[in-house]
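Among the features that Swiss-Prot reports, signal peptide is placed at 1-27, with the record citing similarity to another entry. Here Swiss-Prot flags 28-1666 as topological domain 'Extracellular'. What Swiss-Prot lists as domain 'Ricin B-type lectin' is 32-182, and the listing cites sequence analysis. Annotation comment: Swiss-Prot describes N135, N345, N377, N529, N843, N865, N934, N1076, N1320, N1392, N1593, N1626 (among others) as N-linked glycosylation site. Residues annotated as domain 'Fibronectin type-II' in Swiss-Prot, with sequence analysis given as evidence: 164-211. Per Swiss-Prot, disulfide bond is recorded for C169-C194, C183-C209, C247-C340, C317-C332, C389-C485, C462-C477, C597-C614, C678-C790, C752-C782, C1197-C1211, C1488-C1502, C1635-C1650 (among others), and the stated evidence type is similarity to another entry. The domain 'C-type lectin 1' annotation in Swiss-Prot covers 225-341. Annotated domain 'C-type lectin 2' per Swiss-Prot: 368-486, in sequence order. Per Swiss-Prot, domain 'C-type lectin 3' is recorded for 493-625. The feature domain 'C-type lectin 4' is assigned by Swiss-Prot to 652-791, with sequence analysis given as support. The phosphotyrosine annotation in Swiss-Prot covers Y933 and rests on similarity to another entry. Residues annotated as domain 'C-type lectin 5' in Swiss-Prot, with sequence analysis given as evidence: 958-1091. Per Swiss-Prot, the feature domain 'C-type lectin 6' maps to 1110-1222; the stated evidence is sequence analysis. The domain 'C-type lectin 7' annotation in Swiss-Prot covers 1251-1374. Look at Swiss-Prot and you will find 1401-1513 tagged as domain 'C-type lectin 8'. Look at Swiss-Prot and you will find 1542-1661 tagged as domain 'C-type lectin 9'. Annotation comment: Swiss-Prot describes 1667-1691 as transmembrane segment. What Swiss-Prot records for 1692-1722 is topological domain 'Cytoplasmic', and it gives sequence analysis as the kind of evidence. Residues or ranges marked as phosphoserine in Swiss-Prot (evidence: similarity to another entry): S1703, S1719.
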Amino acid sequence: MGTRRVTPGCAAGLLVLLLRCFGLAEPSEFSGDDSFTIVNENTGKCIQPLSDWIVAQDCSETRSMLWKWVSQHRLFHLESQKCLGLDMTKAADNLRMFRCDSSVLLWWKCEHHSLYSAAHYRLDLKDGYATASTNSSAVWKKGGSKENLCDQPYREIYTRDGNSYGRPCEFPFLVGETWHHDCIRDENHSGPWCATTLNYEYDQKWGICLKPESGCEGNWEKNEQIGSCYQFNNQEVLSWKEAYVSCQNQGADLLSIHSAAELAYITGKEDIARIVWIGLNQLYSARGWEWSDFKPLKFLNWDPGTPSAPMIGGSSCARMDTETGLWRSVSCEAQQPYVCKKPLNNTVELPDVWTYSDTHCDVGWLPQNGFCYLLANESGPWDAAHLKCKAFGGDLISIHSLADVEVVVTKLHSGDVKEEIWTGLRNVNSPTLFQWSDGTEVTLTYWNENEPSVPYNKTPNCVSYLGKLGQWKVQSCEKKLRYVCKKKGEITNDTRSDKLCPPDEGWKRHGETCYKIYENEVPFGTNCNLTITSRFEQEFLNDMMKKYDKSFQKYFWTGLRDADARGEYSWAATGGLKQAMTFSNWNFLQPASPGGCVAMSTGKTLGRWEVKSCRSFRALSICKKMSGPQEPEEATPKPDEPCPEGWHTFPSNLSCYKVFHIERTVRRRTWEEAERFCQALGAHLPSFSHMNEVKEFLHLLQDQFSVQRWLWIGLNKRSPDLQGSWQWSDRTPVSTVIMHREFQQDYDVRDCAAIKVLDNAWLRTWYYYDERKFGYLKPFSCDAKLDWVCQIPKGSTLQVPDWYNPERTGIHGPPVIIDGSEYWFVEEPRLNYEEAVLYCASNHSFLATITTFTKLKAIRGKMENLSGEEQKWWVKANANPIDHYFLRTRPLWHRFSMLLDEECLQMSAKMWHLDLNKRADCNDKLPFVCEKYNVSSLEKYSPDSAAKVQCTGKWIPFQNKCFLKVKSEPVTFSQASSTCHTYGGTLPSVLSKSEQDFIISLLPEMETSLWIGLRWTAYDRISKWTDGRNLTYSNFHPLLVGRRLSIAAYFIDEESHYHCALMLNLRKSPLTGTWNFTSCSERHSLSLCQKYSENEDGRPWETNSETVKYLNNLYKIISKPLTWHGALKECLNENMRLVSITDPYQQAFLSVQATLRNTSFWIGLSSQDDELNFGWSDGTYLHFSNWAVDNEKLDDCVILDTDGFWKTADCDENQPGAICYYPGNETSKEVRPLNSAKCPSPAQSTPWVPFQNSCYNFMITKNRHRTITQKEVHSLCQKLHSKAQILSIRNEEENNFVVEQLLYFNYIASWVMLGVTYENNSLMWFDKTALSYTHWRAGRPAVKNHKFLAGLSTDGFWDIQSFNVIDETLHFYQHSILACKIEMVDYKEERNSTLPEFIPYEDGVYNVIQKRVTWYQALSMCSQSGRHLASVHNPKEQLFLEDIVNRDGFPLWVGLSSHDGSESSFEWSDGSAFDYIPWKSQGSPGNCVILDPKGTWKHENCLSVKDGAICYKPTKFKELASHAHSSKCPLVKRNGSQWVQYGDHCYSAEQALHTFAEAKKLCQELDHSATVVTIADENENKFVSRLMRENYNITMRVWLGLSQHSLDQSWSWLDGLDVTFVKWENKSKNGDGKCSILIASNETWKKVECSRGYARVVCKVPLSPDYRGIAVLFAVLSVLALISGLIWFLVQRNHFRWTGLSSVRYEHGANEDEVMLPSFHD
């Protein structure tokens, strides 16, 4: 590990987490609001939207190619006025341009030069089109530069005036139909203005833009006497950091006050706010108070007692009471008005303080650049020291620059860093004004922590500095200290050259070192490798480089590089050794990447460090030569030095660590409180210089926790001086790049970092977290309250404040502390089990139980250290061993004892897994472990008071809570919880119905399910929220009652073993806001975080205002006694209406109004028919209700009560108030369809929903699970209404409507139950009507009894569940909603006709194959009964077939198909002409056709399985011509077709379809002389065509043996004959293929591709001699040969005895073509 040199210059340390903190931390020179082109580096092309695509084209600066960063990380395209987004619901083509208020993912962020969004998608370029890809390596840059797209990110523009309390602009914002990406001007506003929400028309939130202005016009007031301009933002309430950024963005700063006159001017303003922020802060680690504009803090007007003595809970920002002019430190997160300030004249000439001058001084005095210094050895009070210096011809030291500070800390001191030395700074005034005793102007202040602390109303006050640190402190002038005198010396060289430096021109001296600039731009390391060791050296180099400020920005190489590309930067190796960093000065967002080399910038970021390419980047050089001995490195701790008792370390580390967690401290703390806590112990929050330190540190922490923790570390960017860069609180320089995608986000004003301890301790057995470590470090809001870790150098002495309770080693050694348990290990005395139990009890503890793997690991380790791995120890059995609920999924070695009935347990470090699973002898004498449940506290009392939590920034207050809307991609519960922690909050807890209503009112535009803070195991009782509050209110979805959920748990994912709660956002469903639960490892939206506030603030809800706006409606709250009719009249007088409540969001918002006012209000609901039906007074249809459960509806008018429910009340009684409203577009009077039914009033708190001529009630009552049969459901429907039936669905529109209703419950239920029954061998509805419309998922159900359930799923398909499997049936029912339906039209007569088996029509009889078949199977089944698949030839026949299909209810095959390979040439399978087209356009692929119940003719693949087919049998048959069969034709093989003679050839027509290749092979198989048919003349063409028509099957296409040669493009027959006859069809229709077919229907030929399509095959063979005679002759000869052989054998056997043969005679049969062989005669 490298050394950590603590120098006064180490204050500028930065760690870059690559946090894109847009707008709140970057330097003010980054405008970030300019438009730019997006260039792909590989192609040089720019992207722009074109139609529905984003394309790459040649770059230009036209509006069509310009983009801008706008709010919420969106990329806005200027011309299209849309944002680049990702539609995650699509697997492909998901990158599109969307409206900027779309719900799709619109955010984009940068990583190096790539652009990424959710789910690891990155912007890519393929084939000229921009796409989103997860493996993209595309590099994107801003046009005309080498900048990353995020190098100048979007900056917030804050506002004033208006009605947004100073909130920043939201870009783009919508006014009318135009999206504006910048502030706009119009006659209605006094200056350029913007909306602070997306939709100005909707929200009407706006403010005047605060942008840079030249001079003091507009929003500024000028004071020439003081020389400054001021901006008083009296109505704008922001946090200190937001106010600072608002001023910075205008080229100004927060108010600084430097004189009593300026203070009087500010306090004299009559219209100024009472409390305002000023720029005073102490946010820079280990430094004191300073102005944010870096002017000297010499004038003070602290409130008495502020700042107090150093406190742990001190606040680091200051505000001013403008009535008294007094200043007080407060929490930086408070929301307050603010004042900005900028100078009238900004041309300040800075003195030259860094140029070296040879100086002559008296003996004993230190010469330095024209002055002489003397550090006195004697001590004395300030006045005596002042007189002594005067006597020496000088004065007490005055310090005017960092060059002077450098003299103090590097030249005058070499001893104790805490030595205090008098300076010449003193105050004798009230209010305080510090002045130098030598009369020079105060141009610099360098205060120590919590300084300047000036006693109230006591003067004089004198200032000392602290030895080696050089920082200043206010002291009593009577205190005796050493002092430094200063006087002018004699400059001995006017030329300002120095003999120690080389004689070459350009060398400059600083201390004992010489420097020179080389102005040629070269790669890294060409000239030299510059090292920078302190802030003073950096300031000197800045002085050398400042002449380049006005030229084009230049860079200067340093010697800093990451040679190993591991993200660890060090100075270039000298002598083979890397030199560790002792100082860092990174620029904003740096170091940006590993593996680079570091250069210093010029311009506005003069001297800041940036990572550049070592090879390709060119920069100037500064070389450095030492003219004296190199300063020795400061001593660092040794790895073997000890740690304080109770502190921990790891090998080779130089620090000790201690965790302070809630179980051992009074409370969790903010970052500043935690850092001050550590400082009080002589420590700091942790810092890291190397990657392995992070890894080891995490390992150390994980051994102490069994649950996830976030812990503060020392990383922060709080100070304005850091300009958005990061530093360690202990001044350790930042040398490490931590690169992870999670870090590359802007976290607004999250200026402090925390580290997460992984909770999956057992998982680490297999997974080492090294590759995942970066996910455990995140920026947080600094006011978040977390546990923390302190770090102290090894060998240091721990400071012990009186409130601290340090670890003490007891008689049994130090304890082991895990979470909230404290374990003591008792080696002696050794006792039996019962004695060990008693011993622990006598010491206020218990025999230890082990319930987590973290505890097991720690206890095993301690046992092994104390007594070796074999020794057994007593522990106690536990009824709930380690995570017992998933032990069944673990191997043996991860199990704990199952012998829970046996109390005595012992374990050893080595064999614990076996020890805990076997019986032990309780009389054994063993050591044992005791456990204290109340772990020893590390604090005797709280030394500080907790800072008050307020609802700041975008936090929305409600009662004692603050809520924050968050946008994120879907995350697990723990990820959601962690993100809320980074904001300083938790996931929401819902403690009352009023909180539930408030949260519902925030749900519009959020996702359909969002995490809330409930987490439990399946074996736990849900009792607490994750914020620790008790579960006193619940709102689980009623469908969860009585339902058994099956939630998968995975061994490898511990989070999946927990259940977590979701809040459902079901849009306009009355169940919006109810809760569901699921596995915690699932991914859902994080939309809300909460934190508790100590101030109940209802400002955004304007509870005292009569008029409130919500969503698109304007409401007026009338707070006076009124009758219902009086309320109606009162609203009309206001040109408004008595409110109608049409959705759950309005209901929740108005419920909150009633709750906050504790008042019931009249609403516009009343009944005109004695409480039978209720309706809204403005005619809005009643489809949403929120009746109280116990409301009996005894009166005709309705109130919204204080509990948020609707209740009836007497219309003539006075109620405390009423709510009027003026509806916006969304809630204006609904236009009900003419055919929409008028439905009854809501039943059982659920409304009847109208659609077409029916009303529907979707039952969600808690007792609905008690019904399961359809008869029981029908009975339940009858109770709701006498005409109600269980749900039936008549058409597609109704099906879609029911699906839309079901989607409101889609996270709870999967089906709506359908009233389908089975009677008379068919399915029908419960009301005995036919299923005229169906949408079964798996096609025609194969049910033959009534033992099933049917349901409509969320995707619109119908599912059927047989009773065969009980678990599946129960699951189906428990995930179904019951629905009742009232049909206002009697469908029974219309829907009652069933489909007969045979249907005669004109010249045919039709029937339906009611079976799932392919097209070819349907064709075969029709053919087997002498039928054909149906064909259509006119509209009348089409309507007839459509009626059959509609009555059957399923899509059916017809006889239409295409086999040409292009799905274009369709033919009827019965051979009839395709003379009528039954569809308007071909909308689907496929080569066969079905007809569906909607009358749609669809193309489908012939091999796909459908629900049946239509066959027909003609009543009139055609007579077929006969063909002669000749014996001169080949014999028929197997089941082949008969050969037919025509002329001197034979022809065989195959029934099957074949490709051309198959056709050639087939003919060869039939006869070796056969070929695919060739045609010589017109007559043969007619014969073949007629043959195919008479033997028709599927198609008229016939392969011809005619093909085209590739070489000469000539055509030839396969049998080698010349082509003497052709009959090509019309050239315009003919193809360009190299094969040919005959179309038998019109007897023409067509060119086709040889490899595409199918056709029939006709084989042709020449007519030969009598084939049958030849066969007989061959057979006879064969027999004779056999006989001859037999005779020869017999002759040989019988010694050549001879027997004669009779003659053989051939005879002709009756048929001359036949050859007969009747018999053999002896």
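Cβ atoms here come from the backbone N, Cα and C positions, even for glycine.
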Problem - glycosylation sites (N345, N377, N529, N1320, N1593), the one with most neighbouring Cβ atoms at 10 Å - result: N529
Fill in the blank from the handout: Students should find that the Cβ of C332 (disulfide bond) has, within 10 Å, a number of other Cβ atoms equal to 28
Exercise for the section: Tell me, please, if the domain 'C-type lectin 5' (958-1091) and the domain 'C-type lectin 9' (1542-1661) are in contact, taking contact as 3+ Cβ pairs under 8 Å between residues separated by 6 or more positions? Expected result: no
Handout entry: Spatial neighbours of C209 (disulfide bond), counting only the recorded positions C169, C194, C317, N529 and Cα distances within 10 Å
Key = C169, C194
Fill in the blank from the handout: Averaged over the domain 'C-type lectin 1' (225-341), the pLDDT of the predicted model comes to 89
Problem - Where C790 (disulfide bond) falls in three-state DSSP terms - result: strand
Handout entry: All-chain count of other Cβ atoms within 10 Å of C1488 (disulfide bond)
Key = 28
Exercise for the section: To the nearest whole angstrom, state the Cα distance for the pair C183 (disulfide bond) and C247 (disulfide bond). Expected result: 17
Exercise for the section: Round to a whole number and give the Cα-to-Cα distance in Å for the pair C317 (disulfide bond) and C782 (disulfide bond). Expected result: 13
Handout entry: Lowest local Cβ density among C194, C389, C597, C678, C1502, which the record lists as disulfide-bonded residues, within 10 Å
Key = C1502
Exercise for the section: Specify the secondary structure state of C782 (disulfide bond) as given by DSSP, simplified to three classes. Expected result: coil
Practice task
Going by Cα-Cα distance, pick out whichever of the recorded positions N377, C782, N1320, C1635 is nearest to N1593 (N-linked glycosylation site).
Solution key: C1635
Fill in the blank from the handout: Among the recorded positions listed as C247, C332, C790, N843, C1635, the Cα nearest the Cα of C169 (disulfide bond) belongs to C247
Problem - Chain-internal residues near C1211 (disulfide bond), provided their CB is under 8 angstroms and they sit 6+ positions away - result: T1123, W1124, H1125, S1166, D1195, D1196, C1197
Handout entry: Structural state of C614 (disulfide bond), classified by DSSP into three states
Key = coil
Completion exercise
Least crowded of the disulfide-bonded residues C614, C752, C1197, counting other Cβ atoms within 10 Å of each Cβ, is C614
Problem - Spatial neighbour of N1076 (N-linked glycosylation site) that is closest, considering only the recorded positions C678, C752, C790, N1626 and their CA atoms - result: C752
